[in-house]
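What TrEMBL lists as active site, nucleophile is 136. Among the features that TrEMBL reports, active site is placed at 247. The feature active site, proton donor is assigned by TrEMBL to 247. Residues or ranges marked as signal peptide in TrEMBL: 1-24.
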């Protein structure tokens, strides 16, 4: 009788676990839509094109999120507040991409970024799980906004450099790394698998002095020179906000080999870690159940309404989406 009761208890426990897993999966949004913020195009991106385009999104970011099971909506610049508020309330996640523009209200990127960042804070304060990811310039903007519009970066030389990461104490307790395969973590720590294209760095001293350390966990650093260690990866202590100084999307989808883009890693290991990061953020977006008001509104917003241009002949991006 004791053996039967024990077996019954085990089966009941297993069944409860399965039911909990099924319930968790049922509450997930398996059709996530993530917004990517546009920015003004650099001259070489629009060279030879006959229309006047005011903003762009590198197609590598779109493919990056799509590869992990998300759909993408472009977030255009120079729109009114209602546009950004309504869109942010319909999306399941937001990505601030890298690029070359200003991060304050002197640019469409910076102006929209501030509105969207504030919306993310308000939404999460209300219990709406709305993740935000800043990559390269996007990380710089997130840290700028997180410190009441203060700029803490210094000049450095981590441009066109592939690096490894120095993982910091407690990194396995982060949301980002707690589910990552051990082999991928080893690759990140031992191989040059992160593509860096930035000329400004956030030092560890500035991370502390700025108060960012009160808001964010330092997950990983990289080295610009033997003397300059800088912040490579942050995760907010309480909110689903994540920032990378490097470009995981380039490992998968950017193929330029000119002297300014010759160090993008495309090894199987570099591809694996990039895909893991894409999978992670899209899975964060699955925890948000916001939606557009109608199927028609959703369809009209999607990136599928636009065609990417081949820009690889004149820029470091193979393809770009351009907006008038």
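Backbone N, Cα and C atoms are what each Cβ position is placed from, and that goes for glycine too.
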Residue pair the residue listed as 'active site, nucleophile', residue 247 (active site) - Cα distance, angstrom, rounded: 7
Number of other Cβ atoms within 10 Å of the Cβ of residue 247 (active site) across all protein chains: 24
Number of Cβ atoms other than its own within 10 Å, given for the residue listed as 'active site, nucleophile': 24
DSSP-derived structure type at the residue listed as 'active site', helix or strand or else coil: coil
